[in-house]
Amino acid sequence: MRLVVSSKSLKTLLVASKDKPTIAKIHALMILTGIFGHGNSNAKLILSYARLGHIESARQVFDKSPQRGVDAWNAMIIAYSGRGAMFEALSLYHRMASEGVRPDSSTYTVVLKACTRSLDLRSGEETWRQAVDQGYGDDVFVGAAVLNLYAKCGKMDEAMRVFDKMGRRDLVCWTTMITGLAQNGQAREAVDIYRQMQKKRVEGDGVVMLGLIQACTTLGHSKMGLSIHGYMIRKDIIMDVIVQTSLVDMYAKNGHLELASCVFRKMLYKNVISWSALISGFAQNGFAGNALQLVVDMQSFGYKPDSVSLVSVLLACSQVGFLKLGKSVHGYIVRRLHFDCVPSTAVIDMYSKCGSLSSARTVFDQISFRDLISWNAIIASYGIHGSGEEALSLFHQMRETKVKPDHATFASLLSAFSHSGLVEKGQYWFSVMVNEYKIQPSEKHYACMVDLLSRAGRVEEAQELIDSMITEPGIAIWVALLSGCRNHGKFLIGEMAAKKVLELNPDDPGIYALVSNFFATARRWDEVAEVRKIMKKTGMKKVPGYSVMEVNGKLHAFLMEDKSHHQYEEIMQVLGKLDYEMKAMGYVPKTEFVLHNLEEEVKERMLCNHSERLAIAFGLLNTGPGTRLLITKNLRVCGDCHEATKFISKIVNREIVVRDVKRFHHFKDGVCSCGDYW
DNA sequence: TAGCCTCACC
């Protein structure tokens, strides 16, 4: 019996084959039947081997082909480029000419793709020039590839130059521009290009919409995002898992978690990325508990968390001080996944925000590759723990590497100086930032400097600095100035700062307390009454303060006057006993931190029931003598609680660490590491 | 033959 095998059927089999032995059999059959060596059969074989990762076999086919058409060369370049072997891909491309094979449109496209993968702008531009020389300058495939090269290398100006000159543009060219602009932080320009595209009556598909959704995400334009979503539904544009995931991401990043969850729930097909998008949305918006619950849910649906979703878990852990879970996630990533730059930075941040600065440092010292963000994270870690000198020393080490400090590095460094009271160092490095690094100071940088100068009593200099600002100073700056004025009795400047603070109407009751205290210190009772009036009007709607503490691997959260806790009675007994001992040692409740019109005794009781106080008492009840307590608070620690915690640390002979929204307070033996200025 | 999704510091 004679077996008839057609070239076409073998090629179809090749595309469908899922393992090397099958391909090898078809390969053998091709040789036996004489198909091998004709047409582009060798190219198909090369691609099939490469698809399954057998690059050596692919190369053997290439080397043993009796004649190699341009398809075989292209296939081999794709094979190398897909494996990240850029050098081999490029050398093949260079060899083609010497072997008398003329590159075609595909060759330029795949070589440009290879250059894009390795971000090799120089080779890419050279390839593009050669493509133009050979008459492929108007080819939309080559054009889209060069636009993508520029976009991925962050050269959108260059991309725009090429795009403007293009004789023909297909949908992919438009999309590459829109996506490229959106991903390079030029979201407005992305929208402009889309408008141009509409004018030319080019219909957008899901991928174009995805670029626009990303633009909405960065611009924070949820309204526009919503209208794009509606447009896709009306126009029946297919929303695949990628487009749906970016919708989830867009809604979540813009704070619309219900909408994000709603899109997510309606997704028929989900993947780990869509879960991660939702989880990170909750974590980034401060809903640590929901984020953690979602990770449990995703596992029950059979999805295994990857390093991206676990980074969000770490973020949630750092928010609430969940050291135990953070530690186990760290271990899991190290053992099972890739512990590269992003997860290691998240781990550093988690340890430092959970109070373990030394663990953060150990991880930082062990990682082999440190990028800008890892340096920023470790510098910030020392800053929030009040170690300005160590932050500076790390900054010096960073300057010895190739990594260039950015605005965030200086924000962390200056904040470290302000938390450590290093005024001259702050001034010096602020001027270095502006003059040497040409970084335009932002609101955060100014706030650090104003804080630094004001706490040293140099409020006039602080005011001069504020006057030199080009942008309108925000609340953080006026609050910093006001604190200094209050502490140093500078009433004239302070009054102006207080008025500014009230105009800006902050959300934080602690800030109203500061303003009220300032006026009380200046004996300006009318203004004190005015602040109370504002508080009464808006104050009751403020974010409720809560404190979180981990005991035996479980998190316990406390709200102010929280009676729901099963140990509430015991907690109140502990607090009562402590109150008695504290008063005997000279503690006087700072009732000015309660701004309601209440009797003194009631105010005192309210102070006593602040969430951080409840958490401390709970910690004392449930941990052994001498154990360090770590409490995480969502707002700034209250001034009276700060005073009380100092006394408590001495009475119970414990180290009490409180992390508030700004920094760490290490209370030990009646003293706080912040030096009573925060 | 093409273009596309999630994560770290401030």
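Each position is counted from 1, following the chain as shown.
Note: Cβ is positioned from N, Cα and C throughout, glycine not excepted.
Whatever TrEMBL says is automated annotation, not expert-curated.
Lifted from TrEMBL, the feature list:
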DOMAIN    A:586-678  domain 'DYW'
REPEAT    A:69-103  repeat 'PPR'
REPEAT    A:139-169  repeat 'PPR'
REPEAT    A:170-204  repeat 'PPR'
REPEAT    A:271-305  repeat 'PPR'
REPEAT    A:371-405  repeat 'PPR'
REPEAT    A:442-472  repeat 'PPR'
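Per-class residue totals from DSSP over the repeat 'PPR' (A:139-169), listed helix then strand then coil: 23 helix, 0 strand, 8 coil.
Looking just at the repeat 'PPR' (A:442-472), the mean pLDDT is 95. Taken residue by residue, the repeat 'PPR' (A:170-204) breaks down under DSSP into 26 helix, 0 strand, 9 coil. Helix, strand and coil counts from DSSP across the repeat 'PPR' (A:442-472) read 22 helix, 0 strand, 9 coil.
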